[in-house]
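Engineer: Dropping the structure in here first, questions after.
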Amino acid sequence: MITYIKLAWHSLQKNPFFSFIILFGISMTIMVVMFIGSILDTSFGSNGIYKNMDLVLSGANVRVNRVEGEGYSSGHWHYQSYKEYFSKMKSFEVSTVTLNHYFSNVYYNELGKKITRLDIDQNFTEIFPLQFLKGRSFSLDDIEQKRQIAIITDELAADLFGKEDPIGKKIKTNSQFYEIVGVVEKENKLRRQAFADIYTPFDIYRKPNPNWHQYLGSCIFFMKFKDKDHLLQGQKEFQQIVKSLPIDSSKNEMSVEADFLSEKGWMFDFLFDMGDENMYYVYLYSIVLICMAIPALSLINLNITRITERTAEMGIRKAFGASSFDLLRQLLIENVFTTLIGGVIGIILAYIATFLFNTYSWMGADERLEINYGLLVFGFGCTLFFSVLSGFYPALKVSNFGIINSLKSDKQ
């Protein structure tokens, strides 16, 4: 093994131009794969505050269909629909309801700042574990008593209060004053379901809008399940409830449709009108395959040229008793070694790219790309796959050369 690695290193030094082209192609390919993987993994992977998301489903949208020509009504769920029908499901462990106010303004004394605000209930932190730096979360009593309290991020606390302790101070947003009871670490905006500058108590007494359908509102509910089996059971239970929802035939209503999907499932429902979570992995591995297949074809040609220059060496080894399998193994190990060098360079470049994107906010304010241990392992796995993909055929071709033909091919 050590001998093969020394031969690979000698081969790289022997032809610097070919070595540069090969390492450049490998490193750029791995960098692109890692960068795309970072975007997807940060946004939808089970990391950070999203660590439970593989076992979480959300009810976000509902559609009420009417008879032909009458159209349909659609939107988020109303809290009363969740409370009356879905909160009674048996398959989930814990559920939470949120309402996103998106952009608003917050004021403290003479200071004002644009913020995003999210209404949450007492169970929110059981599904999305906010990192508390000071204070506490909301309790059921806070929700039931409609207390005007708030949790803010450390960044907003620093902007409004500097080094002062924000706990107990009051801020104003949407014409109401809220007392700060907690400070949390600001989340990554790419994890959109949990991101906000201010978290306020969810209003469970909100009445349906008489101008809207009774099922339509502004809330999204999330349910966490014990395991995948309970999650699948929850999807079936949800659809059974949806099919049993009462409709008003006097208003030409025909049926109610709704999906109960994971965060990855909602992405594909939005992009391709399909809510299959498995499509996330099909999409990811398709990107990897496309990104690798095209440069791999070019590297196959380069490897054939580079390895063909060593046919005399292979012929001499065969003359001294080496089998075709021995030569194939040698050339593959050399190619894996070379590819690993390029892969390490590619991973370093991916770290540099994510650092630049985060430093200069090229993705957007508060949107930070991350490369975690799982993605690092994925990057090395792609590197090994790439080495076999680009090196097997050239190695097989040269290892099967006959001794005489191999020696004749050398003009020296």
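Using the three backbone atoms N, Cα and C, a Cβ is placed for every residue, glycine included.
From TrEMBL, for reference:
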type     : residues : note
TRANSMEM : 17-40    : transmembrane segment
DOMAIN   : 19-237   : domain 'MacB-like periplasmic core'
TRANSMEM : 280-300  : transmembrane segment
DOMAIN   : 286-401  : domain 'ABC3 transporter permease C-terminal'
TRANSMEM : 336-359  : transmembrane segment
TRANSMEM : 371-393  : transmembrane segment
Engineer: Please report, as numbers and ranges, the same-chain residues at least 6 past the borders of the transmembrane segment (280-300) whose CB is under 8 Å from any CB of it.
Structural biologist: 22, 25-26, 28-29, 32-33, 36-37, 40, 44, 264-265, 267-268, 382, 385-386, 389-390, 393-394
Engineer: Run through the domain 'ABC3 transporter permease C-terminal' (286-401) and tell me, per DSSP, how many residues are helix, strand and coil.
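Structural biologist: Helix/strand/coil tally for the domain 'ABC3 transporter permease C-terminal' (286-401): 95 helix, 0 strand, 21 coil.
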Engineer: Find the average pLDDT over the domain 'ABC3 transporter permease C-terminal' (286-401) in the predicted model and report it.
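Structural biologist: Mean per-residue confidence for the domain 'ABC3 transporter permease C-terminal' (286-401): 80 out of 100.
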